[in-house]
Every structure is written in structure tokens, then in C-alpha cells.
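To start, the structure itself, in C-alpha cells.
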Amino acid sequence: MKIIYDNAMPYADEFFSDLGVAESFTAGELRTDQLRDVDALFVRSTTKVDGQLLSEATRLRFVATATAGFNHLDTSLLKERGIKWYAAGGCNAVAVAEYVLNAIYHLAKQDGFIPQDKTVAIVGAGNVGSAVAERLRILGISCALYDPPLEKSGDPRAFVSFDSVMQADVICLHTPLVDEGEFPTRDMFELSRLSQLRKSQYLINACRGEVVNNQDLLSLFEQGRALNIVLDVWEHEPLIEKRLIPYLRLATAHIAGHSIEGKARGTSMVYDAFCAFSGTPITKQLSDYLPIDDRVIALDSKEDSFHQVFHMLKHMYDIEKDDGNFRSRMAKSEAFAEIRQNYPQRRECSAAKVHFNGAQSETNNNKTMVSTAAALGFLIAN
Ligand SMILES: NC(=O)C1=CN([C@@H]2O[C@H](COP(=O)(O)OP(=O)(O)OC[C@H]3O[C@@H](n4cnc5c(N)ncnc54)[C@H](O)[C@@H]3O)[C@@H](O)[C@H]2O)C=CC1
Ligand SMILES: O=C(O)C(=O)[C@H](O)COP(=O)(O)O
């Protein structure tokens with residue numbers, strides 16, 4: 001059995017080395033002839049698995065991506081050629097949800113609003129959208145779901161219309177990139193819908209760049225429209241439309257899902273899927289490899305709940321710093337891919353402990369904050 005895998009998959013050696021002959025490749029450098037004698041190919045999102053790449057892959061039987069999105073796989077071709085494929089749906093849902101929460105709390109601090117006074121609409125209520133909704137519920141922020149495919153399939157949750165989405169104060173996009181069928185998502189936010197956004201509204205795109213038409217957005221900005229837009233994902237990555245950057249409220253390099261846990265869970269899910277495919281017993285699990293994080297976040301129990309949550313979230317992930325780094329690096333060069341490749345280690349909330357300075361059980365507010373922190377995934381230090 002020969003396996004070839006993207007060397008950006010954390011813990012890949014640990015997971016894959018016993019499965020047969022396992023070799024790594026660097027995304028962007030994989031050649032067709034390297035796939036000649038390969039049985040299984042494991043990629044991340046920057047490797048396009050299409051007819052061209054697979055032109056010599058006559059032995060290939062299994063393709064997996066350690067990412068939630070799979071629009072880089074030509075799934076029709078894989079099906080046609082009898083190659084089983086797998087995507088690690090949900091691997092990084094928590095990371096993206098924590099990114100979105102950080103974005104909302106950062107904007108709230110900058111613009112002087114309380115998140116609980118706003119309504120949020122989630123477009124795409126799958127793994128990521130549900131993880132965002134769950135955290136908003138924990139924080140007492142009202143949120144509506146828009147997902148026609150799920151609604152049609154009988155999902156029992158309450159769904160709203162697109163008109164209601166357009167009324168929300170914050171709109172979060174969490175759909176796949178879909179080109180065909182009844183519910184396409186490419187250009188979902190094009191000129192007419194972008195034009196309808198009010199200047200008090202916020203639009204956060206952390207799904208796929210093509211869901212928001214970047215040239216239409218740029219033309220509105222250049223006409224002087226004040227729009228509050230957060231982009232983690234862009235059309236034509238890594239050669240993105242840099243002229244957008246100065247107009248955006250927050251701009252990052254498609255790293256919303258890049259917590260260590262999010263990326264490593266992708267590797268582990270691919271391992272599990274390949275074991276199931278090949279009838280290999282599962283002997284490894286992610287918890288054996290994830291590093292222990294012994295940091296303790298000290299919170300001042302005299303602070304109000306907005307600032308306590310703000311500090312907890314920011315301690316784990318500083319979106320303002322990511323945004324600043326992105327702007328300065330992108331101003332000098334085409335650094336998009338490099339920022340992603342050398343992204344600093346980021347942990348999810350579940351890796352850290354929160355400690356409340358002062359008697360944490362003294363007031364009801366502190367008691368509530370302890371359960372909020374725990375529900376967000378933090379461990380509570382005594
Ligand atoms: N920025 C980043 O780092 C990351 C981006 N992503 C992107 O986010 C997407 C969503 O991820 P998951 O939640 O894991 O996928 P998922 O498949 O669990 O959920 C996607 C949801 O979108 C819904 N949907 C499809 N078409 C729609 C439409 N026209 N309108 C409204 N809803 C629609 C689907 O019914 C589904 O419930 C991925 O496909 C990927 O493209 C995912 C992880 C990280
Ligand atoms: O899971 C997805 O879908 C994503 O967008 C990933 O965060 C992409 O990460 P890379 O594979 O591009 O590192």
C-alpha cells in the first residue's frame with residue numbers, strides 16, 4: 001500500500017507511517033508522475049485533485065482531504081473512476097466558530113456595541129454554522145439560521161427566509177462553494193445584495209471567497225459605500241484582490257480554521273476514514289499527540305461580563321493581531337500563501353484554563369461567567 005500526503009497535515013507521520021509506504025509532498029509541488037504507483041492520496045485545500053493531477057494515477061483507490069470544504073476535489077471524476085473520496089467535515093468547526101466570536105467581540109469593542117443587543121443570521125447551518133449558533137446561544141446573542149437544503153431535508157430546527165437574513169445586524173456565511181443545483185452559493189452576495197447592506201450591518205465571510213463577489217464589493221467601496229465586511233476567504237486565493245484590504249474591518253489569510261486542533265483533527269479523521277476503507281484497525285487517536293497547554297487565563301471578577309468574555313476569547317485568539325500582520329505583510333508582497341504556511345500555533349478554548357481572581361462564587365454574575373466559560377469549552381481553574 002502506498003500513501004502520499006500533504007506535509008502540512010499535523011501529526012501525519014505519527015498517523016500514517018504504519019499504514020504502508022507513506023511519503024509526503026509539498027502543496028503546489030505535487031507532480032502527476034508522483035501518483036503513478038500511489039493507492040491513497042491525502043490532501044488539504046490547496047491541492048486541486050482533478051483530471052490533470054490524476055492523469056497517471058492508475059492505481060489510486062482512495063482520496064481524502066483533511067479539510068471541511070471539498071470544492072478542490074473533482075468528485076464527479078473520482079466517482080466515475082471508482083475512486084472513493086472523503087472530506088473531514090466538522091474537523092475545524094470549533095476553530096471557525098471561535099474566529100467568528102472573536103470577530104464579533106472585536107467589532108463590538110471598536111464600535112461600542114453590546115453583542116447581546118444584536119441579531120445574527122447564520123447562512124449555512126452545518127458543522128460550522130451550528131458551532132457558531134451554539135456559542136451565540138451560550139452568550140445570549142440571538143441568532144437565526146438560513147439553510148434551504150437542510151430545511152428541505154426535514155431538519156427540525158427553525159429556519160428563516162433570506163429576507164430575514166438581510167435584516168440581521170450580523171450576517172455570517174458558512175456554506176460550501178456550490179455552483180450547480182437548486183441552491184448555488186457562488187456570488188450569493190453580488191452587487192445587488194451587497195448594495196442592500198446597511199452601514200450598521202456586518203458581513204463575515206469565513207467559508208469560501210467566491211460566495212461574495214469581490215469585484216462587486218470593491219466597486220461599492222470605491223463608490224464610497226461604508227460597509228462593515230470581514231473577509232477570511234477571498235476569490236482567487238492566493239492571488240487575491242489586494243485593493244479590498246484597506247476597506248475591510250478585518251482581513252485574514254484563510255486561517256479561520258487553522259487552530260492546531262482543527263488541522264490535526266483533519267489528519268486524524270482522514271486516518272480513521274482510510275482505516276475504515278482499507279479494513280485496518282484504528283490504533284491511534286488525536287489525544288495521544290495534541291500538546292498540553294498549561295496556560296491559565298486570569299479574569300478580573302470585577303469586570304463586566306462583556307469584558308470578561310472579550311478577554312477570554314482574545315487571550316486564545318487575537319484576531320486584531322492577525323489582521324494587522326496580514327495588512328502589513330500583504331502591503332509589501334504577495335504573502336498570502338506564506339502567511340498561511342507559517343501561521344503561528346493557535347489553540348482552541350478547550351486547551352486553556354480560566355481562573356477568576358477574587359471569590360468566584362461570591363456573586364451571581366461570577367457564577368454565570370464560570371458556567372459561560374465552561375460552556376465555551378474552557379477548563380475552570382480552582
Ligand atoms: N475559513 C476556513 O478556514 C474554513 C472554511 N470552511 C468552509 O465552510 C464551509 C462549511 O463548512 P461546514 O459547516 O463544515 O460544512 P457543512 O457541509 O457541515 O455545512 C454547510 C451547510 O451549508 C448549507 N448550504 C448549502 N447551500 C446553501 C445555500 N445556498 N444557502 C444556505 N445554506 C446552504 C448546507 O445545507 C450545509 O448545512 C466549508 O464547505 C468550507 O468551504 C470550513 C472550515 C474552515
Ligand atoms: O476546512 C476547510 O474547508 C478550510 O477552508 C481549511 O481551513 C483550509 O485549510 P488549508 O487546507 O488550506 O490549510
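Note that the numbers count up from 1, one per residue, in the order the chain is shown.
Yeah, the Cβs are placed from backbone N, Cα and C, and that goes for glycine too.
The model shown is predicted, which means the values in this text are computed figures rather than measured ones.
TrEMBL has this to say about the protein:
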type	residues	note
ACT_SITE	Arg208	active site
ACT_SITE	Glu237	active site
ACT_SITE	His254	active site, proton donor
BINDING	Ser45, Thr67	substrate binding site
BINDING	Asp147, Thr175, Asp232, Gly257	NAD(+) binding site
DOMAIN	4-282	domain 'D-isomer specific 2-hydroxyacid dehydrogenase catalytic'
DOMAIN	115-255	domain 'D-isomer specific 2-hydroxyacid dehydrogenase NAD-binding'
DOMAIN	300-361	domain 'Erythronate-4-phosphate dehydrogenase dimerisation'
Nearest-integer angstrom distance between the alpha carbons (Cα) of Thr67 (substrate binding site) and Gly257 (NAD(+) binding site): 9
Cα separation, Ser45 (substrate binding site) to Arg208 (active site) (Å, whole number): 11
Distance, Ser45 (substrate binding site) to Glu237 (active site) (CA atoms, angstrom): 11
Packing count at Arg208 (active site) (other Cβ atoms within 10 Å of its Cβ): 23
Euclidean distance between Cα atoms of Ser45 (substrate binding site) and Gly257 (NAD(+) binding site), Å: 12
Neighbourhood of Asp232 (NAD(+) binding site) by C-beta distance under 8 A, where only residues 6 or more apart in the same chain count: Tyr99, Ile204, Asn205, Ala206, Thr252, Ala253, His254, Ile255, Ala256
Listed recorded positions (Asp147, Glu237), ranked by Cβ neighbours within 10 Å, top entry: Asp147
Annotated NAD(+) contacts Asp147, Thr175, Asp232, Gly257, maximal Cα-Cα distance (Å, integer): 21
Euclidean distance between Cα atoms of Ser45 (substrate binding site) and Thr175 (NAD(+) binding site), Å: 16
All-chain count of other Cβ atoms within 10 Å of the residue listed as 'active site, proton donor': 23
